[in-house]
C-alpha cells in the first residue's frame, strides 16, 4: 500500500465506521445536485411560477446551514452521532420518495427544508467523526470523504436527465412559444436568485406531463443502502435498543486503533487529553459559551475565524461558479451555444470529483497547509487568466476544469490543517462547516444581484475578488499559526 503500515493498520481497524461515513457523504452529494436540472419539472408538478419554485433552493440551503450549526449537538456519545446519521440518511431516502407526491410548492419547500437539515447534520457529524478517529492522519480520509460528495453530485443529474421533459411539461395554448426557450431556461436556473427568471413566461395551468417522478424513486432506492449501512454499524457497536444499548464514548473506535500504535509526544492519546479533545467539538451554540473562552488566547479565536473565512470564500466560489457559469457563457461577448454551454457545470463538478480522487494519495505525501496554499493560489491565478482571456471560449472550458481541480481539496485540507493547529481541542469542525455553508449561500445571492445590475462580466470580477480574499485570509491564518502556542515537548509533558 502507498501509505505506511501504521496508517494502514489504523484504517483496517476502523474499516466499517470509515466506509459508513463515506457512504453517508454520498447521500449528501446525491441530494445536493439534483434540484437544478429537475426544477422545471417540479415547477410543472406544483403548477407554480419560476420565481416561486426557485425559492425551494433557498429553503434547502438555509436549513442545510441550520443543520450544520446543530450537528454538533449529537457529539456527546458515538450512539447519538450514529443515530443522527441513521435518521438523516433515512430522511433523504424518504424525501426522494415523497417529492413526486408534492403538488404544492409550499409542501415541496418544507420537504426540501427537511432534506437540508439532514444534509447539514451529515456534513458536521461525518467530518467530526473522521477527525476524531484519525486525528493527525485525518487528511487523507477527509479527502476520500469529500470525493464521495462529488461522486454523488455527479451521479444525481445523470440519473435525472433521461426523465426530464424535452418540451414544456404543462400543456396549454402558449406551450409552443415557451418550449423553444426551455433548454436555455433549464440551464440558466440560478440557485437562490429567482429574480433573474422573472422575464420568462411559462404556462402555470394545464395538463401536467412529466416523468421526473421515476428519477426521484430511483435515487431513493440507490440511497437506501446508506441508512442500512449505518444501522449495521449501530448493530455492531451494540447500540440497537433491542440488542442492548451501550453509551460508547465518541472515540471508542479511535481508542481501539490506538492500542497498537506507539504514543506520539504531541498526540492526544492519553485519556485526559482525549477527553479534552472530545469536549472541544461542540455545536456552534456550545462553542459560543463563555466557559469555552476562559484562558484562551486571541490566536485561538483568530485561527477559528480566519479558517472559516477561507472556506467562506472558497465554498462560496464553488456555489456561485457552478450556478452562474452557464449564464455567463451564453451572454456576450462569448455567446456560446446553449447546448455547448450546458457542459460547463458538468465539467466543473466532474473535475472537482476528479481532483478529490487525486487528492487522496497526494494528501498522504503533502502537508494540508501546502495543499491549501496551492489551492488558493491556483484559484486566484485561474480567475486572473479567465479575465485576461475573457473572449476565449476554449480557455473558459480550460479555466473551468482548472478551477474545479484547485477547489476540490480545499475544504478537507483546510479542516485537517486547522484541527491540527488547534491540537483537536477547538471548535474548528463546526465553525468551518458553518462558515462554508454561509459562504455558499451568501455569495450566490450577492453575485446574482451584481450580475443582474452590472452584467455578466462582473461574474469573473467577483470570482477574482473572492479568490484574492481567500488568499489574504489564508496568509493571516499562517501568521496566527506561527503565534499559536505549540504543544509541550516530551520532557515537559512527562514532568
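Using the three backbone atoms N, Cα and C, a Cβ is placed for every residue, glycine included.
TrEMBL: automatically predicted annotations, no manual curation.
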Annotated range (TrEMBL: transmembrane segment) out of 277-297, 298-318: 298-318
Counting Cβ pairs closer than 8 Å, which of 52-74, 81-99, 138-159 has the most of them with the transmembrane segment (395-417)? 138-159
Feature contact check the transmembrane segment (298-318) with the transmembrane segment (429-451), CB under 8 Å, 3 or more pairs: yes
With Cβ distances under 8 Å as the criterion, find the stretch in 21-40, 298-318, 340-358 that has the most pairs with the transmembrane segment (370-389). 298-318
Can you name the far-off residues of the same chain, 6+ from the ends of the transmembrane segment (81-99), with a Cβ under 8 Å from a Cβ of it? 20-21, 24, 27, 30-31, 42, 71, 74-75, 108, 111-112, 114-115, 117-119, 121-122, 125-126, 128-129, 213, 216-217, 219-220, 223-224, 226-227, 230-231, 233-234, 237, 239, 250
How about the transmembrane segment (214-235) and the transmembrane segment (138-159): at least 3 CB pairs under 8 Å, pairs 6 or more apart in sequence, or not? yes
For the transmembrane segment (21-40), out of 105-126, 138-159, 340-358, most C-beta pairs under 8 A are with 138-159
